[in-house]
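A short worksheet on the structure shown next.
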Amino acid sequence: MKMTGWKKKLCRGHHLWALGCYMLLAVVALRLSLRLKCDVDSLDLESRDFQSQRCRDVLYKNLKLPAKRSINCSGITRGDQEAVVQALLDNLEVKKKRLPFTDTYYLNITRDCERFKAQRKFIQFPLSKEELDFPIAYSMVVHEKIENFERLLRAVYAPQNIYCVHVDVKSPEAFKEAVKAIISCFPNVFMASKLVPVVYASWSRVQADLNCMEDLLQSSVPWKYLLNTCGTDFPIKTNAEMVLALKMLNGKNSMESEIPSEYKKNRWKYRYEVTDRLYLTSKMKDPPPDNLPMFTGNAYFVASRAFVQHVLENPKSQRLIEWVKDTYSPDEHLWATLQRAPWMPGSVPYHPKYHISDMTAIARLVKWQNHEGDVSMGAPYAPCSGIHQRAICIYGAGDLHWILQNHHLLANKFDPRVDDNVLQCLEEYLRHKAIYGTEL
């Protein structure tokens, strides 16, 4: 009897142990299933159920881009002056020591693409069905600073989008090879089929975008809008926010287009010639073709697919393109003028009521030095907290709160060699908002 009782206890002990193990395995399996079930259906920004919240927590833990030092990014994005001052002081100290990632670094790390994408924390799946169903095209024109390019690509990257990269023919071979190495890791990122040497303020800057336009239209990706970027741009909206903004355009384009000043009219009064730089000649130009009134803007656009098709295929557009090739900085009046051309899809009329400033358009947020000042006295924005280059602000941490209050999709200029804190905080802000749908 004693032996039988002992056996019963042992048997009961084994049963409880097995049951405990089974329950433990079930919990582990449940947790694992929650981790593995982070697909498009469970990533609904409007959902507050446990599964979606836990899924986002797991995602953010693995994909967050926190500032690498003790910087209060949440305070900086809110405009907290103590946090801003601390970041500016920190930047003065750190930028003396910080070495940017080199071409060699990217050539080495991209030998293993999966490691590169994981280590650099690229988002490799759509975060919502709305984004999946609304792919965006990018024309990215670059010529230097490989880290700037890689961080910009990471910030705007989504697997459903399509990216054409144009590298200046004059760029160093090491830079070109590093760009090729990075884009080789992504099936939806490619080098433009035709590369040109880009000369400042010349036609070649437009030609780079046109080359990407041709390639992007041949892509099988059914993109809806095209955004163009340069190496000093950075997004200030998440991909989901961009999709929402582009849908609200309802087929319209968004770009600066205003009446030119007398000073800017001189840009197309005489012909310019290009060697290694642009030269003004004494040869006067004929009036624009088709009696088209000229407008001025900047190099950046948010253009519908139909607009892009008409840029490349419409005979009137082609005549204007030929006419502006020997003008000064044609990128700053070609797009602005086409935006007012009645034959262009998504354009607006000539009438002054339709003039669009850079602050009204959503294409690019820029602080011009000659417009900075006291906002209470009527200035459009406060002074730059970074430095100026060609009268344009290279943003500092003190500009970030203002930047995020605007409706633009991207801003210009950023440079980690000038202020990396503002970029790190913007990266942290955008990644948090992309995954959680809320600000820091």
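Placed from the backbone N, Cα and C atoms, the Cβ positions cover glycine too.
Per Swiss-Prot, the feature disulfide bond maps to Cys73-Cys230, Cys164-Cys384, Cys185-Cys212, Cys393-Cys425; the stated evidence is similarity to another entry. According to Swiss-Prot, the N-linked glycosylation site annotation covers Asn108. The feature topological domain 'Cytoplasmic' is assigned by Swiss-Prot to 1-12, with sequence analysis given as support. Annotation source Swiss-Prot lists topological domain 'Lumenal' at 31-440. What Swiss-Prot lists as transmembrane segment is 13-30, and the listing cites sequence analysis.
Reduced to three states, the DSSP call for Cys393 (disulfide bond) is strand. The closest partner of Cys212 (disulfide bond) among the recorded positions, by CA position, is Cys164; the full candidate set was Cys73, Asn108, Cys164, Cys230, Cys393. Here is what falls inside 10 Å of the CA of Cys384 (disulfide bond) among the recorded positions Cys73, Asn108, Cys393: Cys393. Considering only the disulfide-bonded residues Cys164, Cys185, Cys393, Cys230 (disulfide bond) has Cys164 as its nearest partner by CA-CA distance. All protein chains shown were included, and the count of other CB atoms within 10 Å of the CB of Cys230 (disulfide bond) stands at 22. Between the disulfide-bonded residues Cys185, Cys393, Cys393 has the most other Cβ atoms inside 10 Å of its own Cβ, all protein chains included.
In this structure the alpha carbons, written CA, of Cys185 (disulfide bond) and Cys393 (disulfide bond) are 33 Å apart. Neighbour counts were taken at the CB atom with a 10 A radius for the disulfide-bonded residues Cys73, Cys425; the maximum falls on Cys425. Cβ neighbour count for Cys384 (disulfide bond): 19 (other Cβ atoms within 10 Å of its Cβ, all protein chains included). Within the same chain, no residue at least 6 positions away in sequence has its Cβ under 8 Å from that of Asn108 (N-linked glycosylation site). Among the disulfide-bonded residues Cys164, Cys393, Cys425, the ones whose Cα sits within 10 Å of the Cα of Cys73 (disulfide bond) are Cys425. With respect to their backbone Cα atoms, Cys425 (disulfide bond) and Cys164 (disulfide bond) stand 27 Å from each other.
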